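**Student:** For reference, TrEMBL lists these features for the protein:
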- A:59-247: domain 'ABC transmembrane type-1' (DOMAIN)
- A:339-531: domain 'ABC transmembrane type-1' (DOMAIN)
- A:15-38: transmembrane segment (TRANSMEM)
- A:58-82: transmembrane segment (TRANSMEM)
- A:94-120: transmembrane segment (TRANSMEM)
- A:126-146: transmembrane segment (TRANSMEM)
- A:182-204: transmembrane segment (TRANSMEM)
- A:229-255: transmembrane segment (TRANSMEM)
- A:276-297: transmembrane segment (TRANSMEM)
- A:345-366: transmembrane segment (TRANSMEM)
- A:378-397: transmembrane segment (TRANSMEM)
- A:409-428: transmembrane segment (TRANSMEM)
- A:471-490: transmembrane segment (TRANSMEM)
- A:510-531: transmembrane segment (TRANSMEM)
């Protein structure tokens, strides 16, 4: 391994890779965070926060619900991940994209749709929060683990079968152990995502189950108590750092270099057992993913009590007659413009996250000790309250030429901060799995470190980068937390428009909100399918 | 050429293109932003005064809908107004406090009486301005800011709304007072918002403080809790998911919402529109919210901002507020739209608490409420 | 006694095996020769149950096992690129089949050391499989396949990619091991010399098809 590293990258080149991610994190995360801490933080405040029984109970709830939700998402997601990566299934690509949809929908829509599905007795309960979190985060597991499955040689399973291992034993003794790095990676991301969950917790969990994130948001924006908010933010940060270190250690330990070689195409389900697996898993996954989305579509047509019509769709798409609002201007004048704004911003955020995340993953994989540190550093924004980052950015980029407040670039930058850790998590296992021999071989053939990276690493990373890009895009499109803090002019995104539509009590507005969310979902679906298609040669991509 | 190397090249090109994409997107979006706001201003040269051609930025909360008549301000003065959205009211105000002296915009719209004292305590947050129109505004509202740091621009009432059909069907008289809510007839019928996380939730808590005194309100809440009450975290969760008229299959026929909610159910209804709202207010339950606009300290366009404040309280602009933002004009004598006139008149004697009391006791009241209702 | 009768396999409309029949008796070692891409490996996979047939039958001692899943056939398989489990050390790789069969730990350990000695790698048990040389990996793969005492050995180009001296030494070792174990085996190779060196009988895949081809 060490030799491989040397062949590829002299120390200087390795550090060069890290420059961009380090600068990005320092400029857009550490600096703003420091600025906020400087405004409100004191040791006394941290002591007060930790001494307070209420805060401690919030902390405990936040922690355990995130742990349960992370475990739940892995358990529910591993089978679809495996089946969709391994077997040729009609509509496989569409289903992969579909799984990502809950992840990118504005939480207010997801929450409402989910509530509509659950019996009233489950509203505002912890199980409801857990279910909603697992549902939303299924994409993380399916895409992260799926990427690893696609890279795993199925002949290892064949070898086990010739040694007398039943399909179940193959799963237990070969497949799962080899997927462990990806399972760790996805569980870490899901944990952080649930740990810092905001919208879903408020909507589905109600007021009796606030998470730390809700508490920070409340202190910052509702009671304007920066002292407590900053202390809570520090507590949250410490936990996130701790968890990140635990996870990245576990992940590095379980990575096996030779497990992943060539990327294999999904094959046809061969035996009756495999066919049964496919024919149970695929419809079940489809049903689970579609049910809340179906509710969303149904609601978009529910424009008056007990009546269905396409009025909301006419208003949103501008097709057919304009909506008569009795002389009142419509709440959202140009819904398409908001969808386009969302897409444009998401595209930029994706580009930023992909560049920063890929460079970071490479730097982490090459580096020895510094890598762990960089990895943890990049994970921090994911575990930091959106409200903290948003406020930090506003009081940092506030003068002269770097007065970026009100500039549209703040939005993709803020979203990329959250998306980068996803990109890193997805790419890192692949990066670690590249056989050093390949890099050495390339170096002996006269390839410069840059060429080694381009010719050896990049082709293998391509697939993971695609998965990362899908994530970054989905995160950005549905992101509401950070974006609602960063003042914008003329760039109202679809989630903000949805928020404005449902701020006016009327079934028609609600239907329009759902219709707009559906448009957003479909457009994103198309983008993800197209990206998936561009990325891989026929059928092989994940 | 293999497909693999082609895709690689594509990817490398994509990575290389990022800086350009940034520039390209920046270029296009900034043009679109300025073109939307300057369409009206472009034709204007006539009435231009010293401020002609200036562009000022008004910071608003996300829910703000820009009335069409704002364009005539640009026609009259040559000043272009850019609307910048940035979060809910609390976020907006706290951002302004954090950036005091070096603001994100020139005028802030949406500071309300629950946050007023805290904002005014921040030195230099606003540049005081006494508009010549003040005499025409609601004296109860202007009295809240004797030093004119900010100017009241609208009022709104947070009230209990009820589902008229539900009460008719179940042959129960709709509630008429806060006292009714703790009677057995209304057991479990109410859904409301957490005052810690929701602006109408806080307003309703303040209504009970006003009605039952700062020492007695928790007893009322304890009785309410005993009588069954559902608390959710936000207005949309209460209205859409729990209220019987919200469309989400809710089971509660009484909800804490706004006095202007009933007309909204008609205005935004699908055709054929109902002739009257499906919901109604309980007028004895209403808490008065007053919203203010102010010129932010550090603005380089104070003169233009003053003109905008004058315009915001002008008859023309005030008349447009009910149907664009579902709030009431603060200017006296402005005619209300017909639906508001018939179904959502502003409450004559709303419950109020002074901004200073709210600032001093808010956290403590919320803590007491949380203890009485949630724990 | 293995009988492959009239087997056809096609991928995406391309016929790979066209009415192929093969018979392997007693403890006979049969070498299957043919140019690359001729379907030798596919035939081996059919025998192992790793590949479904479009038509035809595979019989063992007269019983039709065409539908029998791989793990119940008890046919050992040595893959061309070994397919050692990267997350297991050498001993765990060799003991894998025994553990799948539920053999107790002590018996697994003794059988593993027995096999390590047999393939000439005593003391290699705790080595990480990723650190093995090419020849060592082949020996481990062979030991792993032999460990659960299979009824038939299937070897897919097991000696490809070794230098000449090592190749010849391993070829002799392989022949002796198969003789010692008294196992029938099918050896797929493209090297006639290797086939002659190891096998009792050499067949060309081209000769196995139906009369017309």
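Placed from the backbone N, Cα and C atoms, the Cβ positions cover glycine too.
Automatic prediction, not curation, is the source of TrEMBL annotations.
Remember, predicted model here, so these are calculated numbers, not experimental data.
Help me picture these features in the structure, burial and contacts included.
**Tutor:** Beyond the transmembrane segment (A:15-38), the same-chain residues lying 6 or more positions past its ends with a Cβ under 8 Å from any Cβ of the stretch are 9, 226, 230, 233-234, 237, 352, 355-357, 359-360, 362-363, 366-367, 370, 374, 377-378, 380-381, 384, 388-389, 391-393, 395-397, 413-414, 416-417, 420.
Same-chain residues lying 6 or more positions outside the transmembrane segment (A:58-82) and placing a CB less than 8 Å from one of its CB atoms are 99, 126, 129-130, 133-134, 137-138, 140-146, 149, 175-176, 179, 183, 186-188, 190-192, 194-195, 197, 209-213, 215, 235, 239, 277, 281-282, 285, 288.
Non-local neighbours of the transmembrane segment (A:126-146) in the same chain are 65, 68-70, 72-74, 76-78, 80-82, 84-85, 96, 99-103, 107, 110-111, 114-115, 118, 179, 182-183, 185-187, 189-190, 193-194, 197, 200-201, 204-205, 209, 288-289, 292, 422, 425-426, 467, 470-471, 474, 542; each lies 6+ residues outside the stretch with a CB under 8 Å from one of its CB atoms.
Through the fold, the transmembrane segment (A:182-204) approaches residues 62-63, 65-67, 69-71, 73-74, 77-78, 106-108, 110-112, 114-115, 123-124, 128-129, 132-133, 136-137, 140-141, 144-145, 147-149, 176, 210-214, 217, 236, 239-240, 243-244, 247-248, 250-251, 254, 379, 382-386, 421-422, 425-426, 428-429, 480-481 of its own chain, all at least 6 residues removed from its boundaries and within a Cβ separation under 8 Å.
Distant neighbours of the transmembrane segment (A:229-255): 33, 36-37, 39-42, 45-46, 48-50, 55, 59, 63, 180-181, 184-185, 187-188, 191-192, 195-196, 212-213, 215-216, 219-220, 372, 375-376, 379-380, 382-385, 387-388, 428-429, 432-433; these residues of the same chain sit at least 6 beyond its ends, with a Cβ under 8 Å from one of its Cβ atoms.
Under 8 Å from some Cβ of the transmembrane segment (A:345-366) lie the Cβ atoms of residues 5, 8-9, 14-15, 17-18, 20-21, 24, 372, 374-375, 378, 408-409, 411-413, 415-416, 419-424, 427-428, 431-432, 453, 457, 461, 465, 468-469, 472-473, 475-477, 491, 493, all in the same chain and six or more residues away from its ends.
For the transmembrane segment (A:409-428), the residues of the chain that approach it from at least six positions outside its boundaries are 21, 24-25, 28-29, 140, 143-144, 147, 185-186, 188-189, 192, 251, 345-346, 348-350, 352-354, 356-358, 360-361, 364-365, 375, 378-379, 381-382, 386, 389-390, 393, 397, 461, 464-465, 467-469, 471-472, 475-476, 479, 482-483, 485-486, 488, 491, 493, judged by C-beta separation under 8 angstroms.
Residues 93-94, 96-98, 100-101, 104-106, 109, 113, 293, 296-297, 299-303, 311-313, 315-317, 331-332, 335, 338-339, 342-343, 466, 469-470, 473-474, 477-478, 494-495, 497-498, 501-502 of the same chain lie 6+ residues outside the transmembrane segment (A:510-531) yet bring a C-beta within less than 8 angstroms of a C-beta in it.
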**Student:** Near the transmembrane segment (A:276-297), which residues from the same chain, at least 6 beyond its ends, have a CB less than 8 A from one of its CBs?
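**Tutor:** Those are 76, 79-80, 83-84, 87, 89, 95, 98-99, 101-102, 105, 109-110, 113-114, 116-117, 135, 138, 269, 514, 517-518, 521, in sequence order.
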